[in-house]
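Scroll down for the structure; my scribbles are underneath it.
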């Protein structure tokens with residue numbers, strides 16, 4: 001026992017060295033450890049021999065335990081002996097330096113051999129710690145994954161595909177309602193019908209399908225995140241998984257499926273069915289719960305949405321539907337929302353007649369200028385007391401000189417008068433008009449019609465007017481009474497079947513009789529400029545009476561002096577040519593009219609085929625280019641170019657044509673009574689051919705009448721002498737060389753008497 005104590009004292013004395021009279025204890029290391037958690041970065045664990053395993057090039061907190069450590073000036077690391085130390089850690093880097101503990105930070109370099117600790121003090125120099133439990137092995141960290149990297153990459157590609165499919169189906173399939181699929185199955189192309197038929201059965205289970213694709217999408221995205229976390233750590237795994245899911249799992253598939261969702265959904269329908277089968281225990285109860293509380297997926301397209309869809313198609317250039325067809329469809333859809341008030345013509349714009357007016361030329365002119373065929377008739381001067389209707393057809397047998405009043409004609413025909421409420425729907429009124437009894441109705445204020453018709457129009461909704469057509473007519477018909485004061489109403493407008501048709505077609509209808517059109521859509525009044533004015537209505541050109549003998553003789557003399565074309569014309573044909581082509585212009589100006597009516601005989605730039613000779617009255621010549629106006633009186637002719645062309649053609653022994661014309665550079669108008677001779681190219685050519693034929697049959701001719709008994713023909717000469725009353729013509733007349741074809745005349749005519757019908 002005494003020996004053991006002595007040996008320990010010797011050992012202790014061996015560790016105590018005196019330097020300059022100072023005792024120093026030799027540093028002793030009892031252990032080394034990493035002062036951080038086991039899972040901390042850099043510490044990997046312990047080796048088979050008990051050495052510390054740290055990650056190479058990773059800074060760790062190294063703790064050295066023992067006693068006598070306060071005199072340590074430096075800590076070095078070596079792989080063999082202290083003389084060949086590779087790294088040194090000075091005392092200045094110790095952030096804990098005590099007698100029993102030294103702590104500092106250090107990053108070890110990867111090395112095949114473990115690093116050994118060497119301590120250096122002032123008295124003892126380098127002291128190597130050979131305990132293998134104090135060794136530190138720096139190794140390169142190797143991350144172990146769940147499975148090989150190539151397998152994880154393949155699984156990631158598969159998961160990204162499934163994620164993209166689920167995201168696309170969520171938008172593509174759920175955007176197509178069962179109603180839209182049903183429409184495609186009936187009216188789509190062959191490919192659309194096939195795809196819609198494949199999707200329709202599972203799309204009917206909308207909530208269950210929605211739960212399936214959403215749950216699968218969440219599961220797959222979670223798997224993608226886990227695999228990325230296994231392949232990489234920290235920020236890299238987060239960024240990679242986020243970018244991959246957003247770009248490849250959401251944006252790209254949804255941008256494709258929003259346009260081709262039908263085709264994608266149909267071609268991947270077997271995958272969708274597999275997912276629905278796989279998740280059936282989860283999605284079936286969820287779908288039932290959603291069906292009960294969220295409702296079944298039923299899309300009902302109301303009228304307003306359908307109208308807006310049609311309007312959007314009108315603005316789309318790729319729409320293959322005709323624009324007019326879309327307008328009609330929109331008009332039909334919006335017709336039920338409109339009432340009579342929205343379509344009617346305002347009462348101030350309605351053309352009416354007083355029953356006291358006389359049907360003279362002035363009134364007839366107003367009626368014709370209006371362009372209307374049904375005209376309301378009011379009592380006295382009160383336009384609010386409309387008592388009857390006047391149809392233009394009622395005036396067919398009434399002359400403008402009979403001075404019959406409007407009241408007499410209206411009461412005789414007793415046309416049906418209809419007064420409707422301004423809030424009456426157009427559909428109800430159109431049902432009445434379709435009966436055919438009337439196509440025009442007066443519109444009264446709503447409160448007054450309701451008052452007299454027992455509240456049949458209590459509200460303006462369509463439902464209140466869904467009645468039988470005849471019942472509706474009886475409920476709203478204004479009774480024909482002698483005293484209309486018993487049912488006073490305030491008229492606000494007029495409506496016709498044409499107004500309703502225009503709303504249906506979404507276009508204004510203008511026929512050939514429209515002069516003033518009230519455009520209800522644009523609220524403008526348009527004027528039909530192609531219609532004649534009232535002053536021109538009774539300006540007419542017609543055939544006149546025959547000329548007197550004196551006037552006829554003067555006309556013949558003037559024509560014979562004007563051109564030799566008439567010189568050798570048959571007298572009877574010449575006389576008929578004149579008498580049968582006398583025309584006159586009659587002008588009946590409206591009463592109180594400041595501008596007289598005019599009639600154009602020639603228009604500048606418009607070809608004409610007639611020759612005119614004014615016999616009575618005056619005409620006005622206007623040269624538009626030079627802005628010159630002249631008045632001409634009797635014995636002024638126009639269209640001489642036609643006679644000159646005819647004369648030149650005959651003198652050249654050519655067959656004249658009825659196609660001769662001349663192009664005036666002036667306007668010839670008549671503003672008062674005028675009588676003139678009109679010779680057209682056809683009538684002139686006819687008279688010349690008659691004259692030629694008469695001349696031919698009056699020349700001696702030999703004709704074979706019969707054979708005698710000896711077989712030789714008997715010749716008979718017949719000479720037609722000229723009439724003693726025939727006029728002597730100039731021998732220089734062009735008719736001496738007249739050679740007109742007479743093929744159109746009857747071949748059997750042999751005498752002048754038989755020519756009388758043609759000459760007439």
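Placement of Cβ uses the backbone N, Cα and C atoms for every residue, glycine included.
Since this is a predicted model, take the numbers as computed values, not measurements.
Copied over from Swiss-Prot:
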{"type": "DOMAIN", "residues": "145-323", "note": "domain 'CNNM transmembrane'"}
{"type": "DOMAIN", "residues": "344-406", "note": "domain 'CBS 1'"}
{"type": "DOMAIN", "residues": "442-512", "note": "domain 'CBS 2'"}
{"type": "CARBOHYD", "residues": "88", "note": "N-linked glycosylation site"}
{"type": "CARBOHYD", "residues": "302", "note": "N-linked glycosylation site"}
{"type": "CARBOHYD", "residues": "403", "note": "N-linked glycosylation site"}
{"type": "CARBOHYD", "residues": "528", "note": "N-linked glycosylation site"}
{"type": "CARBOHYD", "residues": "592", "note": "N-linked glycosylation site"}
{"type": "CARBOHYD", "residues": "667", "note": "N-linked glycosylation site"}
{"type": "REGION", "residues": "708-734", "note": "region 'Disordered'"}
{"type": "SIGNAL", "residues": "1-21", "note": "signal peptide"}
{"type": "TOPO_DOM", "residues": "22-153", "note": "topological domain 'Extracellular'"}
{"type": "TOPO_DOM", "residues": "175-208", "note": "topological domain 'Cytoplasmic'"}
{"type": "TOPO_DOM", "residues": "252-261", "note": "topological domain 'Cytoplasmic'"}
{"type": "TOPO_DOM", "residues": "283-760", "note": "topological domain 'Extracellular'"}
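Projection of Swiss-Prot feature records onto the structure.
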residue : record                      : Cβ within 10 Å
88      : N-linked glycosylation site : 13
403     : N-linked glycosylation site : 10
667     : N-linked glycosylation site : 19
Distance [Cα-Cα, Å, rounded] between residue 667 (N-linked glycosylation site) and residue 403 (N-linked glycosylation site): 36
Whole-number Å value for how far residue 88 (N-linked glycosylation site) lies from residue 403 (N-linked glycosylation site) (Cα to Cα): 138
For residue 403 (N-linked glycosylation site): DSSP state (helix, strand, coil): coil
Composition by DSSP (helix, strand, coil) of residues within the topological domain 'Cytoplasmic' (175-208): 28 helix, 0 strand, 6 coil
Overall pLDDT for the domain 'CBS 1' (344-406), taken as the rounded mean: 86
Helix, strand and coil residues within the topological domain 'Extracellular' (22-153) as assigned by DSSP: 17 helix, 64 strand, 51 coil
